[in-house]
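Only one structure is covered here, and it is reproduced in the block below.
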Amino acid sequence: MGAPPGYRPSAWVHLLHQLPRADFQLRPVPSGFAPQEQEYQQALLLVAALAGLGLGLSLIFIAVYLIRFCCCRPPEPPGSKTPSPGGGCVTWSCIVALLAGCIGIGIGFYGNSETSDGVSQLSSALLHANHTLSAIDHLVLETVERLGEAVRTELTTLEEVLEPRTELVAAARGARRQAEVGAQQLQGLAFWQGVPLSPLQVAEDVSFVEEYRWLAYVLLLLLELLVCLFTLLGLAKQSKWLVIVMTVMSLLVLVLSWGSMGLEAATAVGLSDFCSNPDPYVLNLTQEETGLSSDILSYYFLCNQAVSNPFQQRLTLSQRALANIHSQLLGLEREAVPQFPSAQKPLLSLEETLNVTEGNFHQLVALLHCRGLHKDYGAALRGLCEDALEGLLFLLLFSLLSAGALATALCSLPRAWALFPPSDDYDDTDDDDPFNPQQESKRFVQWQSSI
């Protein structure tokens, strides 16, 4: 099968496509793209479930670590203000983890933008294909209407004018038959007319889903960015309440990060299966949705020398009919006008109609060639299988960095919080309090100086 122009499966597509797959009974599943089969759906759900397993393990690890930290640490002597050993390392490990999370957020913004660009390229290709198909239908309809109007008016008038000459009337009727043959052949060129599948509707649906997907990821990225920044602020200010709130928010974002990781992994695996060999699936799906013949679909999706133009016979017959009409009109103009001057007006009108029809016919020949629609097909595949897949992989990296950073922060924040000074320290007392020991020592020093 001929690949679309400029599209070749990337190394990431080959790598993800070769990953083993299994259903819920852990039986091997072929890596061919078959979303309608239950085993393949189970394989993708199992890929997404691996993220759920990672979330469960990380939560268990965090819980065990925090329980050990809270219940198994040795009691501190009363009144002791000596910081526990390794406290600085704990704080710095939390800071480094949060900075790594900020780097992951930058990667996530880039991946979200790449994915959006790929889907936008897919939508643009669908809109361009819809424009081509609509132009074909419009040209066919306009040309057939012109030929039908010429048969009903000018040719009928011409036959009435030339009625005294039988041979001239036969030539006019021959032009009528050729116009009817040409109109009949041209009607079969509007192959997309009446098809229930609309590329415009597909493009609108894709854009609608992508708009909400993009917004959801932007909100997730901004939420994690705020969590990282406010957590760093809480550590810098040694604010216990802010650190506690950000600990709860970090747990929420951790769950969301693992959830997005599972969705991204399943989507990337399924997309790699599709992109490794997209032609069979697209051909079968389009044939089911449109009811068009496989010859027409193969011609446009494959566009190679092995597939002939299914409209070639109709185009040849239409061109031959138009050429015959043109030669017959020239003969009538040469023979009939000198004898029947009133025949000149319908002949000139017929020649004008024939010129417009020939212009439309040449446009139809160009639009019906497989190059245009096949180029749109290649652009759609490049947007989906290159930019969108690359963006998904960057989003997957973001989710992985985010999950690791937040898990580290959740383990480090309680230990860092324990190092904060108590809120009822003497530094927070009122300087005007007469019972403040610092104020009593200051007054004692001033009294000695005055003596």
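Using the three backbone atoms N, Cα and C, a Cβ is placed for every residue, glycine included.
If you look up TrEMBL, you'll see 43-67 (among others) marked as transmembrane segment.
Non-local neighbours of the transmembrane segment (88-110) in the same chain are 217, 220-221, 224-225, 228, 231-232, 235, 391, 394-395, 397-402, 404-406, 408-409, 412-413, 415-416, 419; each lies 6+ residues outside the stretch with a CB under 8 Å from one of its CB atoms. If you look up TrEMBL, you'll see 88-110 (among others) marked as transmembrane segment.
The annotation transmembrane segment is assigned in TrEMBL to 214-235 (among others).
Among the features that TrEMBL reports, transmembrane segment is placed at 242-261 (among others). Within the chain carrying the transmembrane segment (242-261), a Cβ under 8 angstroms from the stretch's Cβ atoms is held by residues 51-52, 54-55, 58-59, 217, 220, 223-224, 227, 230-231, 233-235, 395-396, 399-400, 402-403, 406-407, 409-410, 413-414, 416-417, 420, all 6 or more beyond its ends.
Among the features that TrEMBL reports, transmembrane segment is placed at 392-413 (among others). Long-range contacts of the transmembrane segment (392-413) within its own chain (CB-CB distance under 8 A, at least 6 residues past either end) are made by residues 12, 54-55, 58, 61-62, 65-66, 90-91, 93-94, 97-98, 100-101, 103-105, 107-108, 110-112, 114-115, 217, 221, 224, 227-228, 231, 243, 246-247, 250-251, 253-254, 257-258, 260-261, 264-265, 267-268, 271.
Per TrEMBL, the feature compositional bias 'Acidic residues' maps to 425-434.
Per TrEMBL, the feature region 'Disordered' maps to 425-451.
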